[in-house]
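Trainee: So that we are looking at the same thing, I have put the structure below in structure tokens.
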Amino acid sequence: MSAILSADDLNDFISPGVACIKPVETLPQKESQSENPYEVTKEDKIQPENLPPAQISLTDCLACSGCVTSAEAVLISLQSHAEVLNTLDAYPEFRLSNESGQDDIKTTETADSESRVFVASVSPQVRASLATTYGISEREAQCMIDQFLSGSQGLRAGGKFHNGFAWVVDTNTMREAVLALTADEVANSLTSIDPLNTLPKRPILSSACPGWICYAEKTHPFILPHLSRLKSPQALTGTLLKSVLSKALGISPTRIWHLAIMPCFDKKLEASREELTDSAWGPTPSEPHTPVRDVDCVITSRELLTLAASRGISLPRLPLKPLPRSYYSPFPDRSLDSFLFSKRSSGQTAASGTSGGYLHHVLTTFQAKNPGSQIVTQRGRNADVVEYVLMSPGGEPLLKAARYYGFRNIQNLVRKLKPARASRLPGARQSATSAGGSRRQLASRNAASAGSGTDYAYVEVMACPGGCTNGGGQVRIEDAREAASNMSVESQTEPPEAALKPTPHEQRAWLARVDEAYYSADSDSEVPATSEPASVISRDAEIHGVLQHWSEYMNIPLSKLAYTSYREVESDVGKTQTGPNDTARVVELASKIGGGW
């Protein structure tokens, strides 16, 4: 298991109060034979029991409610900074030549070569975490990551082959594609008749959070028809990179190794899903083959620091400036190159939130289609529950949506959406009058209990309280203090005094600083803002054009490239295993690259 994942991390930064929804089970103590059962003991003589320490494993707590089986925990442990180093030292880098232009990248590699194309994708929440840790801007954090992954002073400075990453992609780019498709999905669900159930049921629930998906698949299968069918930005980025590069370079997807740097550990689970492999979008193979993951490895913000320390690289000492364009070969398609690496606004604002802005984009898209309409916001029982209503100029509600962050709030949402279950004893009879009255009462109760949930058109659901900037893999305030201490030692200055465990107030203040860094991405950019920013409608139209070009380039329908599926899974947590043991199941899962979901 990744050494950075410890019991202290499993609260997923739910502070100041940590409430585990999985009870800790203890066995009754064996009674001492030396005690007299008839002896009366006074209270002041009762000695406190020395209970064994509670053992909370990844099986218990990652994604909560026993969503992760012990076999899947092993699959997660395979994705760590050690795997990154081992892979970089196991294969030479695929050599690319950009002498002939963007659409015709030449290479001297042979088809049977063992070389690999190393590509990486980085989420904006990771950049915000590093920016806060080292006291730099979000843009400088991106330069730091680029220098580390691809520069001569980073990973290329060491290792067996001096390998680095050929391309480093911002997941914000594919997030914009997911946003445009999400708005289409919601609009179609409101206006289209869907007898074949190709569209999710209303309310549509966002599906970008793997912890939430894991929870729904294993505990509430009745939720699955409501889940958005779209891939997450991480998954969609992996599909694009593997599909385009394998075709353009004439190599198998197995020779393209994709590293994703994400804010939470649950993204490792997402990368292990068998639905997110080349078997979902690639041509039907003539011979049986092992599916290839779209994302080979996921590490978190903290694991990125561990990766640098393992190579003896000081991240803050790297140049905080962009790498020259000569370090990167142009992406092997001109349209996709300009789309993936263009300099434009990220749209990371306080209004859109810290988790990608899915709900905000849906609201602004419908608002743009209804001139004069206004978005009315109403806070729920806490800051992580917010309801939104798009009101027409005449005061009529056009669209209702909501945001639910954190598992406690998610459970409340699930209860609202749970279908009613008639309670009737077998063989019992009711008169027509009483039966009709009971039905009316049941219908009224159902309407009262479910009305606040089922009338939503869209709900943005995230497992972490506060959103993705508060992911379990983000750099903690303790880690930042340790990094500052190490920098003081390197610069031979007096290190800061050792601090006690941060208080809840300090943790909230730290998260607020990370949020501020996340929202300041556009202000940190050196690209001058246009005087007339593109409208939501025109920007979505541009993205649809790029997605259509990708589909035509690959000759694969967009429905296979951008969409995925879910299925009910029975959890084995807390159950007596009568079948194969965990070791056998791990071998089976690993051979299927992410089965077991």
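Numbering starts at 1 and runs along the chain as it is shown here.
Here the Cβ of each residue, glycine as well, is placed from N, Cα and C on the backbone.
What you see is a predicted model, and the numbers here were worked out from it, not measured in a lab.
Annotations for this protein, taken from Swiss-Prot, read as follows:
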- Cys20, Cys61, Cys64, Cys67: [4Fe-4S] cluster 1 binding site (BINDING)
- Cys209, Cys264, Cys464, Cys468: [4Fe-4S] cluster 2 binding site (BINDING)
- 419-447: region 'Disordered' (REGION)
- 430-447: compositional bias 'Polar residues' (COMPBIAS)
- 482-504: region 'Disordered' (REGION)
- 485-494: compositional bias 'Polar residues' (COMPBIAS)
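Can you tell me where each of these features sits in this structure?
Mentor: Annotation note: Cys264 ([4Fe-4S] cluster 2 binding site) sits in a coil segment as assigned by DSSP.
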Trainee: Tell me the coarse DSSP state (helix, strand, coil) of Cys468 ([4Fe-4S] cluster 2 binding site).
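Mentor: The residue in question, Cys468 ([4Fe-4S] cluster 2 binding site), is helix (DSSP, three-state).
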Trainee: Identify which of the binding-site residues Cys209, Cys464 has its Cβ surrounded by the largest number of other Cβ atoms within 10 Å, counting every protein chain shown.
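Mentor: Answer returned by the neighbour count: Cys209.
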Trainee: Return the residue, from the listed binding-site residues Cys264, Cys468, with the maximum count of other C-beta atoms within 10 angstroms of its C-beta.
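Mentor: Of the binding-site residues Cys264, Cys468, the highest Cβ count within 10 Å belongs to Cys264.
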